[in-house]
Amino acid sequence: MAVFSERIAIVFFLALLVCIADGQLSSTFYGKTCPNLQTVVRSAMTQAVNNEPRMGASMLRLFFHDCFVNGCDGSILLDDTATFTGEKNAGPNANSVRGFDVIDTIKSNVEAACPSTVSCADILALAARDGVVLLGGPSWTVKLGRRDATTASQSAANNNLPSPASSLSQLKTAFANKNLNARDLTALSGAHTIGQARCVNFRSHIYNDANIDASFASQAQKNCPSSGGDNNLAPLDLQTPTAFDNAYYQNLVAQKGLLHSDQELFNNGTQDALVRQYSTNAAAFSRDFAAAMVKMGNLSPLTGSQGEIRLDCKKKAHQNTKEIELVETTEAVASLRNRETWDPKVHQWWLHRCKV
């Protein structure tokens, strides 16, 4: 009996070490449990971007809005319910963030290949990277192992996401709060080399600000009246709206930034020199953007036994997590009591609790 108890102690100690080790993100996290994951995601993203090039920008923005609110945990993907208020209808997200249907499609394809294994948070991280690559931008190694949040915060979304009316000082503060420095801010803002913005978000800049090219402002006003037309769209980068390049920075130097917050990066301030560098050195921008994306992707991920793995990205997997954990724990201990070897079912239980 003593030998059996000792074996149990060793097994649980080793399992605890597995949990601790798996608390870190890794580029090979799904190497054995879902080896074709990145191929599945890239295939679906290729189809989505081919159907609508703007979707590359939408995925990137969706990832940014997820990571800036309590970390990269897929919380932005949760739908509101009668008893739960998520982030989709927060001020910066309502009628703005998009691409949820693409995430659902990717999740369905991933579930078919690797059931109950890959988090929605990791799928979003990969989709954001692939959207950039498919539009001609840089690639980077996405570290994986995030788990999905079981909650969300509309108030945090309202408070943490920078406004398009932000000053440079406010932008720096918002990014510093996420351990991202001014160089990260300037590089990540280059995401606005793709995508579109709604009139309501740039109206004040094109009608009221002085640091804007007059002809550019006049052209933008044609599709964005001084009142009405809030949802009319304009490309953030008029030169190459569906190509991920450094034209965004060239626009800023020419005072043709569409958003007030964009032009703040080049307005006789601390970031002017870096904007000029990026405007003439696409390689430097690509390098810094990729590095900053890796940093942002590491913001407060849920790992190990934290969070859950959703089967549907719109819905929490477990409505009563503690009850399920109790059942799982009871079953696992019972299995150990009845066997003197490391049962495969118990092994799978530990993988589920600690890893996937």
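Quick reminder: no glycine exception, Cβ is built from N, Cα and C everywhere.
Quantities reported herein were computed from a predicted structural model and do not represent experimental measurements.
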Among C72, C114, C120, C199, which cysteine does TrEMBL link to C34 through a disulfide? C114
Mind checking which of C72, C114, C120 has the fewest other CB atoms within 10 A of its CB? They're the disulfide-bonded residues. C114
Least buried of the binding-site residues D66, D73, E87, D237, D245, going by other Cβ atoms within 10 Å? D245
Among the recorded positions H65, P162, H192, T193, T240, D245, which ones place their C-alpha within 10 angstroms of the C-alpha of C120 (disulfide bond)? none
For C224 (disulfide bond), which residues in the same chain are close in space, meaning a Cβ under 8 Å from its Cβ, but six or more apart along the sequence? C199, F202, R203, I206, N232, A234
